Amino acid sequence: MNEPMSLFDDLPEEHDEPQEAPERRLPMVVLGEMVIMPHMTIPLQVPQGKSYRAMERAWEEDRDVLLIFVREHQLEGYKSNQPQNLPPIGVIAQLQEFAKLNDGTARVILEGQSRAQIIEAIQITPFYRVRCRPYTDPPVSGLEVEALMETVKQQVDEFVEHLGEVPQEAVQFVHRIDRPGHLADIVTWGPAFDFKDRLEVLNTLDPVERLRKVYLVLARQLELLKLRVKIQQDTKEVLDQSQREYFLREQLRIIRRELGEDEEGDDPIDELRRKIHELDAPEYVKNQALHELKRLAQQGMNNPESGVIRTYLDWILSLPWADEELPEISITEAQKVLDADHYGLEKVKERILEYLAVRKLAGDKMRSPILCFVGPPGVGKTSLGRSIARALGRKFVRTSLGGVRDEAEIRGHRRTYIGAMPGRIIQAMKNAKSKSPVYILDEVDKIGLDFRGDPTSALLEVLDPEQNNAFSDHYLEIPFDLSKVIFIATANQLDPIPLPLRDRMEIIEIGGYTEDEKLEIARGFLIPKQREFHGLTEDQIEFTEGAILKLIREYTREAGVRGLEREIASLCRKVARQVAEQTEANGELPPKFVIDEAAVVKYLGPERYTYGIAEEQDEVGVATGVAWTSAGGDILSIEVLPFKGKGQLQLTGQLGEVMKESAQTAVSYVRSRAADFGIDPNTFEETNIHIHIPEGAVPKDDPSAGITLTTALISALTGTPVRRDVAMTGEVTLRGKVLPIGGLKEKTLAAHRAGIRTFILPKENAKDISELPEKVRRELNLIPVSSMDEVLRIALSRMPTPANNQNGSHTNNRGQPSPAPAGT
């Protein structure tokens with residue numbers, strides 16, 4: 001091979017002539033074909049002989065020795081005092097360590113210092129000593145020198161890339177060298193150089209010429225290295241794949257025969273091919289499966305990638321591709337199932353039956369709407385979906401989406417990833433073993449969003465009737481028909497659901513249960529279920545109506561019945577234990593356990609919640625409001641306390657920005673109408689107002705507390721008590737208008753549960769009264785209002801006297817509130 005052309009053949013030498021150094025007389029050490037360059041440190045083990053004695057003497061003197069390097073066949077001449085011609089150049093090295101060992105040898109560490117021109121040998125025994133003149137590289141500069149150094153460093157990087165396993169610190173050290181001679185000496189110690197190359201570099205005194213020789217050697221070795229890699233790749237490709245597989249199959253056949261397995265058994269490839277042909281699926285699915293099977297056959301079953309392909313084929317074979325014959329929809333039977341599984345929820349059941357009726361008449365022509373049940377926890381959203389599946393005679397599957405943050409959870413991961421799998425939609429379809437199940441997407445309002453994508457965007461395709469007939473999972477990469485699936489979503493709140501996703505669903509709101517409904521649900525569903533679950537019979541345990549009501553009122557506070565079921569289960573466990581213990585002791589069943597109110601307290605401990613009216617008596621500065629929560633509704637006692645100060649407004653109770661603005665609106669409204677309420681205008685300059693909404697640890701943010709805040713504020717500043725049996729909800733404006741609110745059913749249920757008898761609501765919400773439970777409408781005096789004046793006439797025990805007509809019964813002559821009545 002011709003030596004590579006050098007870009008630096010005509011490189012000018014721009015350096016000064018070195019100054020001649022004084023001669024030195026040093027002990028000489030003869031090494032074999034191991035060249036130690038200047039700037040290198042090498043450990044050696046030296047046997048007895050001339051070199052041993054030379055180092056021993058040097059260790060006693062100034063520790064410097066002269067190293068020369070000769071071929072192996074020349075060593076004998078130096079050992080027998082008959083050396084051939086001394087080499088022209090050696091290396092002055094310093095002994096860093098000289099340790100004599102028990103076996104007569106010495107362990108030494110040599111550090112190369114500089115080159116030296118050898119003049120003559122002046123001593124032969126008992127060791128060699130020579131006259132020499134040290135040589136130091138002259139300083140050099142110039143763009144060409146920099147270019148040459150940069151090129152050599154790039155060659156070093158390329159060599160490291162091919163060889164690998166080179167410490168990064170060594171590469172960085174090479175890049176920090178800024179002298180050409182030093183760079184040449186260090187690089188020469190690499191694996192690309194043999195003894196001849198290193199000796200040639202050592203004998204070259206000119207630093208630029210020395211580096212040029214290093215460049216030529218590296219260039220030649222890199223070409224050889226690339227050629228060697230290419231030859232290996234070509235040889236590997238030439239290997240006949242079919243011959244390789246033949247040998248592997250023969251080995252497999254012999255292994256099976258040795259293990260005693262049936263050699264006539266089906267080949268895995270043939271078995272998969274048979275299953276694909278028998279698969280009841282569209283042609284494009286079979287074609288994709290056969291294409292992957294061909295890849296599997298070409299690679300062989302023992303190829304690392306064969307496991308990925310085999311898993312992919314197993315997924316295709318396990319999915320329900322074929323249309324199935326569905327049972328006839330019976331509206332009467334569906335109604336029986338819904339009534340048997342759920343008490344109440346008449347509006348919801350009516351909408352479900354309408355949906356089933358249209359599906360019965362329209363058949364496949366109907367694009368199924370996506371139902372979304374929205375309501376507090378424990379009201380039966382998921383169990384409604386299970387009942388629909390039972391009524392239709394379809395399979396039921398459920399996927400919880402709470403906390404899902406990765407789009408791949410819905411669409412799956414691409415097969416390029418290790419451990420890739422289909423998304424939750426395809427996994428659920430596989431588990432259902434049906435192409436048309438009832439599919440519950442639970443907690444769609446709890447889906448998260450982060451850097452991995454937006455899962456709700458993937459759900460858009462799933463829930464769109466115009467698109468889901470060709471749903472594409474990233475893992476399968478084959479369209480899958482979801483149009484026959486009845487999707488039902490559930491959520492606790494509507495606001496967190498993105499608008500595009502909400503637009504694809506028909507919202508059906510499920511409110512909380514009334515006390516009577518909970519009583520009937522406990523009697524008809526929860527108690528029989530828990531009694532059977534705990535191995536009890538009707539003859540062993542009985543719940544009185546008073547006990548059930550006590551559980552509802554004083555041990556649970558929820559819109560649904562999940563907590564009620566837990567308390568019933570707890571009572572059943574306690575009774576089951578007593579039945580088991582008494583049966584073991586007496587050998588016969590004990591008498592029936594009757595769970596009454598006293599037994600509830602005995603087994604469950606003291607009451608956890610206070611049941612009754614919101615306040616025990618009419619109070620000044622305290623008004624009862626209602627709030628909507630994810631668990632239903634709850635009452636709020638809003639407290640206002642004025643005291644002498646500088647007109648500051650203080651708000652406590654973890655109020656949100658909206659509620660803080662409602663409080664400021666209430667203060668501004670009352671201040672603008674101070675004369676109408678008999679309040680001295682100076683009161684607002686000389687009085688601090690503190691508004692507090694218990695419980696302090698619970699965050700609150702709702703504009704519907706506006707009229708409640710205003711009522712409590714007017715009551716506190718005029719000394720007029722607020723009626724204890726009145727609750728209210730509504731947003732107030734600066735002009736005293738009452739604006740509509742949401743969650744009326746939950747709020748009225750909370751007020752009814754708390755024993756409130758009069759409920760003030762915005763006039764624009766009067767249309768929603770018909771949606772309230774009959775018992776609530778019958779027992780709660782619902783009064784729609786449109787202004788604060790109407791609210792005050794109902795909520796206050798008496799109307800405040802205007803300033804121009806007051807008799808001093810409500811405010812003093814400074815307009816400050818009178819002391820609260822006794823007992824408030």
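Positions of Cβ are set from backbone N, Cα and C atoms, glycine also.
Looking up the ranges 1-23, 392-414 in Swiss-Prot, the one annotated as region 'Disordered' turns out to be 1-23. Distance from the CA of Lys747 (active site) to the CA of Thr382 (ATP binding site) is 23 Å. Under DSSP, Pro377 (ATP binding site) is assigned to coil, being neither helix nor strand in the three-state scheme. Surrounding the centroid of the Cβ atoms of Gly375, Pro376, Pro377, Gly378, Val379, Gly380, Lys381, Thr382, where the record places ATP, the chain contributes additional residues within 8 Å, namely Phe373, Thr490, Asn492, Ile510, Ala559, Gly560, Arg562.
Put simply, Lys381 (ATP binding site) is 27 Å from Ser704 (active site) when counted between their Cα atoms.
Confidence over the domain 'Lon N-terminal' (26-222), given as mean pLDDT on the 0 to 100 scale, stands at 86. Long-range C-beta contacts of Gly380 (ATP binding site), restricted to its own chain and to partners at least six residues apart, with a cutoff below 8 Å, comprise His342, Leu345, Ile510, Gly560.
Looking only at other Cβ atoms within 10 Å, the busiest spot among the binding-site residues Gly375, Pro377, Gly378 turns out to be Gly375.
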